[in-house]
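What follows is a short report on a single structure.
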Amino acid sequence: MSGKDTAEVEAALTTEKSTPSKSPNHAVLTQLTSRAAIVQIVMAVVANITIISSGMGIGFPSIAMIELTNSTTSVVLTESDATWFASITSIMCPFGGLLSGYLLDKVGRKKTLYFINIISIVSWAIMSFASRTDSTTLFIQLIVARIIIGIAIGLSSTPASVYAAEVAHPNLRGRLTLLTAFCTAIGMLSIYTLGYVFKNDWRFVCMLCGGFTVVSLLTVVPLPESPSWLVSKKRMPKAERCLKVVRAIKEDNHPEIRAELDALEDNIARFRSTQDGKKSKLDQLKKPEVYKPLAIMCTFFFFQQFTGIFVIIVYAASFSIEAGVAIDPFLSAVFVGLTRVVTTVLMSFISDKFGRRPPALFSGFGMATCMFGLAVCAIHPVKGTSLGWIPTVLLVAFIFTATLGFLTLPFSMNAEVYPTKIRGFASGLTIFFGYTMSFIILKIYPSMVETFGNSNVFILFGCLSMLGIAFVYFFLPETKGRTLEEIENHFRGKKSSDKLEVEMKTMLKANEA
């Protein structure tokens with residue numbers, strides 16, 4: 001390389017550093033003040049409070065199933081009705097996921113959160129006042145309510161995490177997108193705890209859940225809309241106002257705000273130009289920056305469901321009995337919920353420190369170990385012996401390791417791997433696939449246990465966990481510390497400016513040598 005070439009490279013590097021990046025997040029990488037961080041954290045937390053009700057809805061069958069099938073009560077469900085009651089939610093979750101994609105793109109992130117809260121309130125109200133005298137009426141009411149809450153659960157899997165990803169600085173995004181998993185865990189712990197306290201009154205539990213959801217609806221009102229979505233709808237004045245709130249900047253015509261808005265416009269314009277402004281969503285799926293992350297995330301969700309995670313969450317009390325846990329099944333469910341909450345908090349720090357891949361690899365290994373251990377306990381029962389504590393420890397350890405990776409990461413990464421223009425649709429499509437897998441495993445699990453036995457089902461879950469490790473190692477990308485634009489460029493096969501800078505520095509050093 002000649003001296004002239006070296007000078008040109010050095011000039012390019014200087015220009016690169018002095019010119020604001022057109023990445024929507026990189027423009028403020030060095031300007032994250034403590035005030036802006038607090039504002040972004042509060043916004044993400046408030047958006048995710050909506051998810052707590054959905055977590056309650058996921059765990060509700062676990063606390064209600066025993067009373068609903070108890071022959072000593074006046075109104076009961078048949079075994080077939082009970083399995084539909086437990087699994088019907090998962091049938092509707094995929095449709096909620098697709099509806100989520102439509103609403104996110106059509107009406108925005110904030111109004112989608114409104115809708116989730118409203119239909120959740122309707123569901124809890126129906127169950128709160130369900131029939132106490134007629135089994136048929138009770139079954140119909142429960143199914144209608146569970147269909148509605150299923151749609152709400154599918155809807156809630158994406159909007160809050162997408163909102164958090166779009167308002168957060170990259171240094172905060174990893175933790176804030178995990179808030180969805182954390183609030184889901186809080187919801188399940190809450191419902192398990194209420195079920196333990198009010199074992200014989202699930203209707204009263206529904207009233208409490210409905211009251212909380214009303215409060216959740218009210219908390220969404222002050223939130224600003226996502227600036228990214230407003231820019232995509234060409235509502236620039238409001239986008240600027242909301243972005244100033246998000247970045248905690250009060251001055252008008254602030255250069256960083258202007259630079260970030262320009263970057264958002266450029267990114268969306270580039271995506272539109274590649275689609276000629278006319279192609280459908282399905283045509284957009286043919287782009288590598290869309291179909292590559294879509295394939296990866298759908299596979300990740302497959303392993304999430306078929307390693308037994310949601311089976312334990314939904315059938316927590318009955319699964320504890322089948323696994324040979326010696327303590328009160330309702331208390332066991334509380335331990336499951338508490339473990340998930342604590343681990344989700346740890347995950348927010350682990351994800352930021354170690355990234356996404358290492359925790360996922362550890363998660364798969366831990367899940368496989370626990371499932372193989374439960375299989376051994378099923379083959380050689382330890383209940384009633386001095387080793388009777390082992391199944392409880394394995395069950396809690398499974399939830400601990402699952403939460404570190406396979407349970408939480410698919411949902412959090414789903415919010416950050418897709419381009420802005422198609423993020424709502426692609427995220428919704430991914431959630432549709434994930435919850436379709438959830439319905440399949442939840443519906444067939446009781447039949448699997450009856451046909452193959454507990455031990456063989458546990459072994460199957462363990463083997464799938466091992467396959468999940470291979471998937472993570474070979475295919476799951478690392479998104480830690482990357483802006484949303486850099487992640488998009490990774491799948492497109494385009495080198496980011498940071499990588500280009502590293503290569504240019506390497507060339508300079510080689511020349512000096």
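These residue numbers are counts, starting from 1, taken along the chain as shown.
Placed from the backbone N, Cα and C atoms, the Cβ positions cover glycine too.
Listed features, source TrEMBL:
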type	residues	note
REGION	1-25	region 'Disordered'
COMPBIAS	15-25	compositional bias 'Polar residues'
TRANSMEM	41-64	transmembrane segment
DOMAIN	43-480	domain 'Major facilitator superfamily (MFS) profile'
TRANSMEM	84-104	transmembrane segment
TRANSMEM	113-131	transmembrane segment
TRANSMEM	143-164	transmembrane segment
TRANSMEM	176-196	transmembrane segment
TRANSMEM	202-223	transmembrane segment
TRANSMEM	294-318	transmembrane segment
TRANSMEM	330-349	transmembrane segment
TRANSMEM	361-382	transmembrane segment
TRANSMEM	388-412	transmembrane segment
TRANSMEM	424-445	transmembrane segment
TRANSMEM	457-476	transmembrane segment
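Each of 41-64, 84-104, 202-223, 424-445, 457-476 was scored by its Cβ pairs under 8 Å to the transmembrane segment (330-349), and the highest score goes to 41-64. Scored by C-beta pairs under 8 angstroms, the transmembrane segment (424-445) has its highest count with 143-164, from the stretches 143-164, 176-196, 361-382, 388-412. Sequence-distant neighbours of the transmembrane segment (294-318) (same chain, 6+ residues past either end, Cβ-Cβ under 8 Å): 58-59, 61-63, 65-66, 86, 90, 188, 192, 285, 329-330, 332-333, 336-337, 364, 367, 371, 395, 398-399, 402, 406-407, 409-410, 413-414, 417-418, 426, 429-430, 433-434, 437-438, 440-442, 445, 457-458, 461, 464-465, 467-468, 471, 475-477. Contact between the transmembrane segment (457-476) and the transmembrane segment (84-104) is not supported, since fewer than 3 Cβ pairs fall under 8 Å when only residues 6 or more apart in sequence are counted. Long-range Cβ contacts of the transmembrane segment (176-196) within its own chain (Cβ-Cβ under 8 Å, at least 6 residues beyond either end) map to 40-41, 44-45, 47-60, 62-64, 156-157, 160-161, 164-165, 168, 202, 205, 208-209, 313, 316, 328, 330-331, 333-334, 336-338, 340-341, 344-345, 347-348, 351, 403, 407-408, 411-413, 415-416. Contact between the transmembrane segment (143-164) and the transmembrane segment (113-131) is supported by 3 or more Cβ pairs under 8 Å, counting only residues 6 or more apart in sequence.
Remote same-chain residues near the transmembrane segment (361-382) are listed as 303, 307-309, 323-324, 388, 390-391, 394-395, 397-398, 400-407, 409, 453-456, 458-459, 461-463, 465-466, 468-469, 472-473 (criterion: CB distance under 8 Å, separation of at least six residues from the stretch ends). Among residues of the same chain six or more beyond the transmembrane segment (84-104), those with a C-beta under 8 A of the stretch's C-beta atoms are 57-58, 61, 64-65, 68, 77, 111-112, 115, 139, 142-143, 146-159, 162, 229, 310, 314-315, 423-436, 438-439, 442-443.
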